[in-house]
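Engineer: Pulled from TrEMBL, these are the listed features:
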ACT_SITE  Asp225  active site, nucleophile
BINDING   Tyr280  substrate binding site
COMPBIAS  7-23  compositional bias 'Pro residues'
COMPBIAS  137-158  compositional bias 'Basic and acidic residues'
DOMAIN    318-420  domain 'Pseudouridine synthase I TruA alpha/beta'
REGION    1-65  region 'Disordered'
REGION    79-159  region 'Disordered'
REGION    486-506  region 'Disordered'
Amino acid sequence: MPEGLVAPPPTPQFPPPAPPRHPIPARNAPVPTPVPPLFPTNCPRSAAVQPPAPLPPSPTWSGCGSVRRVVSGVRPGARLCGSDAGGPGLLDSRGKPTRRGGSSPRMAGNAELPSPAGSARPQDRRSRSGRAGGVRVWEDGEHPAKKLKSGGDEERRGKLPKRKVVLLMAYSGKGYHGMQRNVGSSQFKTIEDDLVSALVRSGCIPENHGEDMRKMSFQRCARTDKGVSAAGQVVSLKVWLIDGILEKINRHLPSHIRILGLKRVTGGFNSKNKCDARTYCYLLPTFAFAHKDRDVQDETYRLSAETLQQVNRLLACYEGTHNFHNFTSQKGPQEPSARRYILEMYCEEPFVREGLEFAVIRVKGQSFMMHQIRKMVGLVVAIVKGYAPESLLERSWGTEKVDVPKAPGLGLVLERVHFEKYNQRFGNDGLHEPLDWAQEEGKVAAFKEEYIYPTIIGTERNERSMAQWLSTLPIHNFSATALAAAGTGGKAPSPLEGSEGDGDTD
């Protein structure tokens, strides 16, 4: 550098100030008195060399968000005003306000310069923005506290997911008008009325699910008829899996209705559609097979081996696929749904209870129509006793209308339901249990011996329902409805006349 020249002061390293966040002052606003420049620029170059000026302090950033400005470490040649020098903003070399500067509050530690006399300081924006010392202060009531929901344990339990399960039921059907619930009709009591009431009172389902059973996806395997009992009925539904669920449900059920088992199933499980077959048993006194020449009420009758063989021969004729339109009041001979498949049907060895001999007829089929099993038993009894020829059995499967007698419903019991295809697919997947109820067989047998068989035997001895029905066979006309069928064109009853559609109803 040539001798006699003065080195210019170094330029401070900091970013330029950001544009202000407030509008430009009005035209008529008073202009404050200019402040002398901090760094004079009229020094002659021939003056004595002076030591270099110290570097300005590090810039301090002020503001919030993405807008920042420098409040210390000012650029050479600029004059302070406004919030930094008591004026509305920065002034250029000609004394006019620039677009730089602003009224943002300065950080602590920066000295405040006095304002010129007569200048009006802009209104403090902190009072309007709610800021104090650069920190936002929220006023009371700006964000009200959230209200806590009430409802207690019941509401919290309602938010828990329900799980699809199946319940193994056993009940004595005496005094009930079947299994299926008749919503809105309290005159005819059903098994499901007591079951739904127990589910609600035990806390397994909400109360509104009891009013609309579709909300819990309720489905039964079989719609048992009036007076029909069950030892292995299975229903599927969604429940809350509470602790001690079986004990709590049974606590609110009468003693002749019991839940014997519970198992988890897949979410889309339907106990009616997933059921492959159903097994029923029919308990009847053996004097029903006595010849018509014998006294109907002879309690000393014992079933012979020859008669038992004849009964099993006739029952075996039902096995296979046949048209059972004459064994129900809801199907016509041309309807495909009247064809049903029977896997097996036979009569077991008789036994004696309270001085009266009884026998059990077992039948297993894919599905049954209303009154089908009772009519199958009634026709065999009529043939064995001699009131109808054996040819009537073959004729009843044809298109001809035959009036098949219907045995009493007292001795009919739903023994078991089968889920063989479901067990093959899900029974061994490690997540679900097979629906075979092997561990509950002891409970089922005990319930039958305690409630079902004593009720059937005691009612038969007191009311003699079988003996009364047998007394109607001599006057029964097996072709009495043939003329009526010809007069109506052989049409089956319509759903409006009482048909309940397909399904296991016996």
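Every residue gets a Cβ built from N, Cα and C, even glycine.
Note that the structure is predicted; figures quoted are calculated from it, not measured.
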Engineer: Which whole-number value in Å describes the distance between the Cα atoms of Asp225 (active site, nucleophile) and Tyr280 (substrate binding site)?
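Structural biologist: Given the Cα positions, Asp225 (active site, nucleophile) is 13 Å from Tyr280 (substrate binding site).
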Engineer: Of all the recorded positions given, Asp225, Tyr280, which residue's CB has the most CB neighbours within 10 A?
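Structural biologist: Neighbour-count leader: Tyr280.
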Engineer: DSSP says what for the domain 'Pseudouridine synthase I TruA alpha/beta' (318-420): how many helix, strand, coil residues?
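Structural biologist: Counting residues by DSSP class gives 26 helix, 33 strand, 44 coil.
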Engineer: So what's the mean pLDDT when you look at the domain 'Pseudouridine synthase I TruA alpha/beta' (318-420)?
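Structural biologist: Reported value for the domain 'Pseudouridine synthase I TruA alpha/beta' (318-420) is a mean pLDDT of 94.
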